[in-house]
Amino acid sequence: MAELAKYERVVIDQDICISCGACVAACPYQALELDENGKSRLIWEKCKDDFSCVAVCPVKAISKASEATPEAKAKKGWYRFGKSLTPEEQKAFEEWKTKYGITAPPV
């Protein structure tokens, strides 16, 4: 699973998300889901950097990690995962956070 570090992933701004589900419907890998509050959440191991979710979000709540503003990256809860990560996935995730300058802890 360490190969996950090669993927860029997306930033999901929970403050902007309107719970429309367009991102969930657009993702060919089923890498997004709506959480218990109706907000978009990334399923890390399914994401393959297709970025369909970025293109269809009507309020621009989703962006590529490399293009997200520092303010968006610093918000608590901007990246959300559907399940706990394995130790290998956690290591890959930490490498990804370092690569893209991520500072906020997960919720």
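The backbone N, Cα and C atoms fix where each Cβ goes, and this holds for glycine too.
The structure displayed is predicted, hence computed values, not measured ones.
For the [4Fe-4S] cluster site, Swiss-Prot gives Cys17, Cys20, Cys23; the one candidate out of Cys47, Cys57 that the record lists there too is Cys57.
The 10 Å shell around the Cβ of Cys17 ([4Fe-4S] cluster binding site) contains 20 further Cβ atoms across the protein chains shown.
Look at the Cβ of each of the binding-site residues Cys20, Cys53 and count the other Cβ atoms within 10 Å; the largest number goes with Cys53. When the Cα atoms are compared, Cys53 ([3Fe-4S] cluster binding site) and Cys23 ([4Fe-4S] cluster binding site) turn out to be 4 Å apart.
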